[in-house]
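A.B. asks: Below, the features straight out of TrEMBL:
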- 19-49: repeat 'PPR' (REPEAT)
- 126-160: repeat 'PPR' (REPEAT)
- 161-195: repeat 'PPR' (REPEAT)
- 197-231: repeat 'PPR' (REPEAT)
- 232-266: repeat 'PPR' (REPEAT)
- 267-301: repeat 'PPR' (REPEAT)
- 338-372: repeat 'PPR' (REPEAT)
- 373-407: repeat 'PPR' (REPEAT)
């Protein structure tokens, strides 16, 4: 920029303005070095003061560079000026920018830009343009807008392709408009112009599975196979998961067996769905058989698989097995510890009176960088109260407040009940003021006598 300023000064003294090439070269260097704000200022100087207009290639480059740097509004403003500069920018640049807006969660802005551009005849949208915007509005659940956009495609000489229909069907099914999704599928089959593929069928199957309509889901599956479209791994996983959640493990296993016969290899999602289904039905032994079967396919359980097994053991008060699987999970460096996996283990230990073991799990959890949440502290407070270890319960309550976790009325009332039965009315007053937001969580340790007393308290 300093070099350009010097050149500009020299040119001014000689009455020779900088050339368009000089501007483009310096602006490009600025973009490459991440100085997009300076580049845009120089671009304005080039167009407004020097009167040089960019060509389509350079305008597309500058807009794309700004978009990549996160300056989406600046990029959009540049493309909106294309006709003003006499440039004809390819639809690709507009489509990419709208995709970035949608990726940032700015769907309405992307739609507004799209409609403004086509109304102002800034560019002629293609099928991809519509697909990008339709996918965006479906993402936020506005399926009515998606249907309107599909209807408008004909105005611009565009015909919906398989991708368009897949986006639309998936959007309808996610919005629980599965019947409309299936109607689109039927129309595609009937017209025969743009045939549905495995993605189209699987979207409808998934929609039915999520609403528990397994007979309809299986009917679409049978229809797909009859039409010569082969189901893929996702199709089978969706069906297995749907049957598992519906408690129909016989059908879930039948789909799994059909999957194997069709030489479609299962993945961790397949096994996790089967394990989850058996656990929901209380058939833990069958779940463990599936767990063992995973190794035959050289598939490692993921965090979700461990979570299912650990939670189920905890529900059955089998803390030993839960701890065993928690230990196995912690040996895996590729699985990040999650608080929702630890909480049931801490809970089952506290309910079994094993608060020392629960404290050890908490320490292990914190050492791994996994922060306790509101539920962790609630479990520990109630658990220590049940054992009469009031001093530790008080410590956990204050840690809970200090870390920004707000105790609910159940925790506060139960805790106050314990404190009163333990003969600590002073601490009750402090806890009540903290709960009301009128006091700091700082506190002094109870006397050594109170700390050592083990009082059985029924919460």
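Cβ atoms here come from the backbone N, Cα and C positions, even for glycine.
Unlike curated records, TrEMBL annotations are generated automatically.
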A.B. asks: Near the repeat 'PPR' (126-160), which same-chain residues lie under 8 Å Cβ to Cβ, leaving out any that are not at least 6 residues past its ends?
C.D. replies: 91-92, 94-95, 98-99, 101-102, 107, 110-111, 114, 118, 167-168, 170-172, 174-175, 177, 180, 194
A.B. asks: List, by number or range, the same-chain residues at least 6 past the repeat 'PPR' (267-301) whose CB is under 8 A from its CB atoms?
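C.D. replies: Beyond its ends, the repeat 'PPR' (267-301) has Cβ neighbours at 233, 236-237, 240-241, 243-245, 247, 249, 252-253, 256, 259, 308-309, 311-313, 316, 332.
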A.B. asks: Would you mind listing the long-range same-chain contacts of the repeat 'PPR' (338-372), meaning Cβ under 8 Å and 6+ residues beyond its ends?
C.D. replies: 303, 306-307, 310-311, 313-315, 317, 319, 322-323, 326, 329-330, 379-380, 382-384, 386-387, 389, 392, 403, 405
A.B. asks: What is the pLDDT of the repeat 'PPR' (161-195) when averaged and given as a whole number?
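C.D. replies: Summarising the repeat 'PPR' (161-195) by its mean pLDDT gives 94.
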